[in-house]
C-alpha cells in the first residue's frame with residue numbers, strides 16, 4: 001500500500017511541476033510580447049507623452065475641485081509647480097527633491113499654504129492623493145524653528161498606517177534631525193515607554209495605545225503639544241475609536257494647538273468630531289464623493305462556480321512580472337491563496353489579522369522590497385498603506401460595501417501613476433457589483449478570458465489547492481494540540497499551587 005501511495009504522490013508532484021513549467025513558458029512568451037510591443041511603440045513615446053501632458057492640462061482646467069470652507073475661511077484654488085514656491089525651509093525643499101516629489105499634489109497645493117499660515121485644516125481627498133505629506137510638511141516647517149519635544153502627535157487607525165506615516169516623517173525630516181516614534185498596540189509597552197522618554201519631536205500612534213501611555217507612563221505628557229493630526233478620521237470613527245478620541249481631546253491642550261483632520265469622506269460623525277476639536281478650520285476638498293482616479297482601469301471577470309482559483313492563476317500568468325495585491329474577505333482565504341501561489345511558483349506573501357505585528361511588517365517589507373511580487377491580504381491592508389508601485393489589484397472576494405471597494409482599488413494608480421483592478425464576479429456577487437457600479441456611476445467592462453487555457457489549468461490548480469488545504473489543516477491540528485498541551489501544563493501547575501496552600 002505504501003508503494004501505491006508513493007506512486008500517487010510522485011504522479012501528483014510531477015503534474016504540479018508540469019503545471020509550473022507551463023506557466024513559466026507562458027510567462028516568458030508574455031514577456032517577449034511586452035518587450036516587442038515596447039520596442040515598436042518606442043518611437044512614438046515622445047509624441048504620446050506630449051499629447052498625454054496636453055490632455056492632462058485640459059482635464060485639469062475642466063475638473064478643478066471647488067474648495068469649500070468652514071466658517072467662511074477659504075484658500076485659493078491654485079496649483080504649484082514646485083515645492084520651492086511654498087516658501088518652505090531649504091532642508092524640506094531638498095528632502096522633497098531627494099524623494100522625487102516633483103510638484104505638490106492637489107491636496108498638498110490646497111492644504112499646505114493655509115496650514116503654513118497657522119490655520120486648522122480639514123483635508124478631504126481620495127486615497128493615494130498625498131495626504132500624509134500634506135500635513136507632515138507644514139508641521140516639519142514649523143518644527144525647524146521651534147525644535148521642541150512632543151511637538152506633534154498623529155493619530156492613525158491601524159498599526160500599518162502609523163508605521164508608514166513615521167516613515168514619511170523620517171524621510172521628509174532626514175536633513176533636519178527629526179526624532180519620531182511609533183506607538184501602537186501589539187508591541188512592548190516598556191520599549192515604547194523608553195522611546196517616549198527620549199523626548200521625540202513627533203509621535204505617531206493608534207488611539208488606544210496612546211491613551212495607555214498617557215495614563216500609565218510616568219513622565220509622559222502632551223501638555224505642550226503644538227500639533228494634533230487625526231489621519232483617516234472616518235476610519236478612526238468606523239473602528240469605534242470615538243470614546244478614546246474624546247478622552248484624548250480632554251487631556252491635551254486646546255490653547256496654542258493646531259489641529260488637522262484628514263479623511264476620505266465627510267460624514268455626520270466627522271462633522272461632529274471637527275466641531276469638538278478644530279477652531280475655524282479651512283476645509284480643503286479635492287473630492288467630496290466616493291470616486292476613483294482617472295488613471296485606474298477597472299474591469300470585472302465573470303467566474304463560473306468552482307473555478308475562482310483557476311481564474312486567479314490564469315490572471316497571475318497573464319500579468320506575470322507585475323506587482324499585485326489580491327484581496328480576500330477572510331484570513332483563511334488569504335493564507336490559502338498565498339500558499340497556492342507559492343506552490344505554483346508565484347512569489348507571494350500574506351497579510352491578515354492573525355499575524356502579529358512583526359509578521360505583518362515582515363510581509364509588507366518583502367512586498368515593498370520586491371522580494372515578493374504578490375501580496376494576498378484582507379481589508380487590513382486596504383486603508384492607508386503607501387505602496388507606490390502596485391500595478392494590479394484583484395478582488396478575489398467582492399467586498400460587501402462599496403466604500404471598501406473604493407479603498408481596495410485605491411492601492412493602485414496612486415499619485416498620478418496608472419493601474420488596473422480586476423474583480424472576480426460569481427453568480428452570488430451580482431448584487432454587490434451592481435451597488436459598486438451605481439456608486440461609480442458607470443458599468444465595469446468585462447475582462448476577456450481564453451477558455452482553453454482555463455480548461456487546461458483547472459485540474460492541476462484544483463490538485464494544488466487540495467494540497468494547500470491539507471497542509472493548512474495539518475498545521476491547525478498541531479496548533480490545537482500545542483494549545484491543549486499548554487492548558488494541561490497550566491492546570492497541573494494550578495493544582496500544585498492549590499495543594500501548596
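Counting starts with 1 at the first residue shown.
Cβ from N, Cα, C; glycine included.
Since this is a predicted model, take the numbers as computed values, not measurements.
For reference, Swiss-Prot has these:
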type	residues	note
COMPBIAS	491-501	compositional bias 'Basic and acidic residues'
DOMAIN	307-461	domain 'Helicase C-terminal'
MOD_RES	43	phosphoserine
MOD_RES	45	phosphoserine
MOD_RES	47	phosphoserine
MOTIF	81-109	motif 'Q motif'
MOTIF	231-234	motif 'DEAD box'
**Study point:** Non-local residues, at least 6 beyond the ends, that sit with Cβ under 8 Å of the motif 'DEAD box' (231-234)
**Key:** 131-132, 135, 154-157, 161, 165, 261-265, 267, 269-270, 273, 383-384
Check your understanding: With DSSP, how much of the motif 'DEAD box' (231-234) is helix, how much strand and how much coil, in residues?
Key -> 2 helix, 0 strand, 2 coil
Practice item. For the motif 'Q motif' (81-109), give the DSSP counts of helix residues, strand residues and coil residues. Key: 17 helix, 0 strand, 12 coil
